Each structure stands twice: as structure tokens, then as C-alpha cells.
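Feature list, courtesy of Swiss-Prot:
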{"type": "TOPO_DOM", "residues": "1-48", "note": "topological domain 'Lumenal'"}
{"type": "TOPO_DOM", "residues": "70-131", "note": "topological domain 'Cytoplasmic'"}
{"type": "TOPO_DOM", "residues": "153-172", "note": "topological domain 'Lumenal'"}
{"type": "TOPO_DOM", "residues": "194-203", "note": "topological domain 'Cytoplasmic'"}
{"type": "TOPO_DOM", "residues": "244-247", "note": "topological domain 'Cytoplasmic'"}
{"type": "TOPO_DOM", "residues": "271-316", "note": "topological domain 'Lumenal'"}
{"type": "TOPO_DOM", "residues": "338-371", "note": "topological domain 'Cytoplasmic'"}
{"type": "TOPO_DOM", "residues": "393-406", "note": "topological domain 'Lumenal'"}
{"type": "TOPO_DOM", "residues": "428-433", "note": "topological domain 'Cytoplasmic'"}
{"type": "TOPO_DOM", "residues": "455-477", "note": "topological domain 'Lumenal'"}
{"type": "TRANSMEM", "residues": "49-69", "note": "transmembrane segment"}
{"type": "TRANSMEM", "residues": "132-152", "note": "transmembrane segment"}
{"type": "TRANSMEM", "residues": "173-193", "note": "transmembrane segment"}
{"type": "TRANSMEM", "residues": "204-224", "note": "transmembrane segment"}
{"type": "TRANSMEM", "residues": "226-243", "note": "transmembrane segment"}
{"type": "TRANSMEM", "residues": "248-270", "note": "transmembrane segment"}
{"type": "TRANSMEM", "residues": "317-337", "note": "transmembrane segment"}
{"type": "TRANSMEM", "residues": "372-392", "note": "transmembrane segment"}
{"type": "TRANSMEM", "residues": "407-427", "note": "transmembrane segment"}
{"type": "TRANSMEM", "residues": "434-454", "note": "transmembrane segment"}
Amino acid sequence: MSEPESSVANNDGESTQAPQLAELTLKNVLGDIVNGVHFIIFDPLGNRFVVPVIILLTSIITKVIITKVPYTEIDFVTYMQQIQLVNQGEIDYAEISGDTGPIVYPAGFVQIYQWLYSQTNGGADIATGQSIFGYLMTATVVFVCVAYTMSPTTKPWVLFLLLGSKRLYSIYVLRLFNDCFTTAAMVGVTVFLQQGSYWYSTSSFISFLFAIVGADLFSIAISIKMNALLYLPAVVIIAYFLVGENILLFAIVLAIVPLVQILVGWKFLLPLFDDEAASQIRWNYINNAFNFGRKFLFKWTVNWRFIGEETFLSDKFSILLMGGHIVVLLFFIFTRFLNSKVTGKSIWQLIKDAFKPSSTISSNNKLIDYNVGPKLILLILATTNVIGVLFSRSLHYQFLSWYCWQLPFLLHSTGWNFIVCLVLWGAHEWTWNVYPSTVASSLVLVGILSSVLVGTWRNEAVWFEENNVVDDEKKNE
């Protein structure tokens, strides 16, 4: 005999059938578990639950590592020795050095580490320094999650990869490298430029303000470590469109970058003095902090071990890398970043419009479309940076922090199968945990970075589609 169906009365007094609950069986319970797991791995709507978990786990993991894993001194003592000299009044970069060498970073680095100097009792209180870097890593993850979820089709598994790098935790809380602050600043730049894209349709002036703040923070990133310059082409392109292709507003945004450099480096640049001593101090600052000809030691390279030391140290190899960087970057710029399907107009029209004083941006420009613009901005910044990383003269172990935050998103942007992406992520992590690097590890690293860039370029859907429909991506799960 079947169970009678229950009924309830609605507001009009009419009887309606109550919804039937699924029968409590092992099969149904297992089905719910499978659906839940699928939701928090593949469904973009799951990000609202996954993001808080990612942030919480990052905070917990950093604290556990600080407690359980011994700190390793590499450069922090040297940083503190250099800062001590600055605090004592030394402003000549030629006279500022520590145990592992002279100061080689701009004035933003000095100001940040002066603050760390004050918080850690001159570097003696390492535990406090580690805690600060732990909070920095957690804050960086917060903003990375914001940047990722500004793209509505980012799947949760991409966010989970942010937890997966052993080397990255080491760079932050066991080494205390200044690269971490540059990375945090550039993640901030990404979010501000994404916000400029999102709000453009509401107010172009708000978008302009976000571009200003982004340029300010970009210059601060450069003042900490000049690897942030790798982003320059992307920042310039994005800023140009966020001000509506208005050349006058664009000039204002660009002017922010050198202005901030002057203000941050004021006491080392001595702009109000023109005597011989001031000129020498100014030159020493510029030459040490922004030395593009710096030589790297072969024993520390992570990416070029397979080419041999003689080739690595040769000027021809350096020129080859520079040429490759320029060619690949221009290829991406003209075939993807400035493609008419993105900008709404041809390259030739863009050039002609650039000489007009008023706004000339196309209404079809995807970079100012709140639906897809934030995703494209992250994509352009990430690919530009990773191209620079691929052709870097050398990658040292702390340099992983330059781009590790972007790799999960780029893997997702290739459109490759989920399992393939996980395997590549694992292989990439392996290359950074082999010490010292080997021929095999460096070959795999260069191969993965090259493959990800090729895969991202080939996936036209991620660049040109009006809206990425989640259902269309299920075949890649």
C-alpha cells in the first residue's frame, strides 16, 4: 500500500501538494556527495564557498610552517645591514652593502624594509618578520581570489591550486624576500585595472581614477623591485583603453609612473641639488637600483641549466633572449591584445585615432565590457608577465613569486582538460623544488611555460567570445 501524499494549504486556503523529499538511501547520499564535490571543483558558483576556505587555509598553513619548519637565512640579514646604514644617514648607494653584497633595489624596497627593521628590532626578531610575511601572503591570496572571480567562468579547482606550492610558502615565510611585496603590489594593480573595466559603462571618470591608482601602485611595485617592468606593455595598453583612448588622459596616467619614482627615491636622487657630489650620488642610485646589465651566476639558475654555463654567460645568449622576448610579446600584442575582435577596430584605425584629442574608444571594445573586460585584463597582464619570465636572463628560486599566482589562471585559460592542467601544475612545482636545478628540471620548466603560452594563445574562445558559457566548458572537466 503506497504512502498517502501530504498536502498543505496556501494563502488562499487551497490545498497544494507538498514537495517530495528524496528517499534516504545510500545511493542518494553518495549522489549528493558526488554532486557536492563536483560543485566545489567545477562549478563557478562554488567560488563563493571555496574562496573563504582558500583564504582561511592559507592563513593556517603559513602559521603551521612558521611554527614547524626552521627559518632559513639567505638575504634578510643583508637587507637589515643595508637599512641600518641608510638609517645612519648614508644615501650613496655605492656605500650601502651587507654580507651578501651591495644594495641593488630601488627606494621603495628601502622604505618597506625600514619599516620591517623597526618592527623586528633591527632584524633580530625573525618570528615577527615571518608573521608579517605570513599576513602578506594571505592578503595576496585574498586579492588573487578577487582577480580570479572577476572572471565569472573561473572554476574552483583553479583557486585550489593557489594552495599547492611548497616553494612559494618557503619564499614568503621562511626566506622573507622583497619579491613578495612587488608581487602583492602587482596583484593590486590587476584588481584596480579590473575594477576600472567593470565600472567603465557606469562612469568613464571612475574608470580613469582606477587607472590613476593602478599606475601609482605599478610605480610603487617598480620601486620595490624592477621585475615589475615586465608588466609595462600590458599596463600601458590597458590604461589607454580605460581612459577611453583619450590621449590627454592617457598622458596623465603615464606621468604618474615617473612622478612616483621621483617621490619615492627623493633622498637618493637629490633632485634639488646639481653639484658634482649630488650628481654622483644620483647616478649611483640609478645604476645600482635599475641595473639592466647585471650578471647572474650559473649555479643559481632554475631555467637555463640545460644550455650549459658557457652559453649562459655569453652576450649572444642575452641578445637572443631579448630578441625572443620582443618578438613573442609583439606577436601576442598584435594577434590577441589589439585584435579587432577585442578592441572593436583595426590596428590602423587605432593608430589614426591615437592622434585625436578626444575619446575614440569603440563601444565594441571588450576591455570596457563589464562582463568580459576584467577577465581579459587579467589575461593580458598574466601573459605579458609570463612571456617576460620565460625569456628572463635567469630565474632564481625566489622569482617563482613573480608569476606563480597567475599560472593556475593561465592553465585554465588554455581550455585543456582538468587532469592535464593538474599534471602540468605538479610538474611545474617539481621543477622549482629540485635543488640545485638539473638539465631535466630546467628543460621541463621552460617547456611548461612555453606550452601554457601557446595553449593560451590558441584558445581563441578565451580571448574573443562575448560570454564564456559555463555549459560550453563542461567537456573540459
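Each residue, glycine too, has its Cβ placed from N, Cα and C.
Walk me through where these features lie, including what they touch and how far apart they are.
A mean pLDDT of 96 is what the model gives for the topological domain 'Lumenal' (153-172).
Secondary structure of the topological domain 'Cytoplasmic' (194-203) per DSSP (helix as H, G, I; strand as E, B; remaining residues coil): 6 helix, 0 strand, 4 coil.
Sequence-distant contacts of the topological domain 'Cytoplasmic' (338-371) (same chain, six or more residues past either end, CB-CB distance under 8 Å): 152, 197-201, 204, 207, 237-238, 241-248, 377, 463-464, 466-467.
Packing against the topological domain 'Lumenal' (393-406) from elsewhere in the chain are residues 140, 144, 162, 165, 167-168, 171-172, 175, 177, 179-180, 182-183, 187, 227, 230, 296, 300-304, 312, 318, 321, 378, 381-382, 385-386, 432, 435, 445: each is 6 or more residues past its ends and has a CB under 8 Å from a CB in it.
Using a Cβ-Cβ cut-off under 8 Å and counting only residues 6 or more beyond its ends in the same chain, the transmembrane segment (49-69) has close neighbours at 40, 127, 130-131, 133-134, 137-138, 141-142, 145, 149, 156, 159-160, 162-163, 169, 172-174.
Long-range Cβ contacts of the transmembrane segment (132-152) within its own chain (Cβ-Cβ under 8 Å, at least 6 residues beyond either end) map to 44, 47, 51, 54-55, 58-59, 62-63, 66, 116, 119, 158-159, 162, 168-169, 172-173, 176, 180-181, 183-184, 187-188, 190-191, 194, 198, 371, 374-375, 378, 405, 408-409, 468.
Away from its own ends, the transmembrane segment (204-224) comes close to residues 105-109, 112, 178, 181-182, 185-186, 188-189, 192-193, 195-197, 231, 235, 239, 242-244, 249, 252-254, 256-261, 264-265, 359, 368 of its chain (Cβ-Cβ under 8 Å, at least six residues beyond either end).
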Provide the three-state DSSP residue tally for the topological domain 'Cytoplasmic' (244-247): helix first, then strand, then coil.
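Going through the topological domain 'Cytoplasmic' (244-247) residue by residue, I get 1 helix, 0 strand, 3 coil.
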Residue list, the transmembrane segment (434-454) vs rest of chain: Cβ under 8 Å, 6 or more residues beyond ends.
299, 301-306, 328, 383, 386-387, 389-390, 395, 397, 407, 410-411, 414, 424, 427-428
Count up the helix, strand and coil residues in the topological domain 'Cytoplasmic' (338-371) according to DSSP, in that order.
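Once the DSSP states are binned, the topological domain 'Cytoplasmic' (338-371) shows 14 helix, 0 strand, 20 coil.
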Sort out for me which stretch, of 173-193, 317-337, 372-392, has the most Cβ pairs below 8 angstroms to the transmembrane segment (226-243).
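Going through each listed stretch, the top one turns out to be 372-392.
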What does the DSSP secondary structure composition of the topological domain 'Cytoplasmic' (70-131) look like, as residue counts for helix, strand and coil?
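Going by DSSP assignments, the topological domain 'Cytoplasmic' (70-131) contains 34 helix, 4 strand, 24 coil.
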Could you tell me what the rest of the chain brings near the topological domain 'Cytoplasmic' (428-433), counting residues at least six beyond its ends with Cβ under 8 Å?
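Residues 164-167, 302, 397, 400, 407, 441-442, 444-445, 448.
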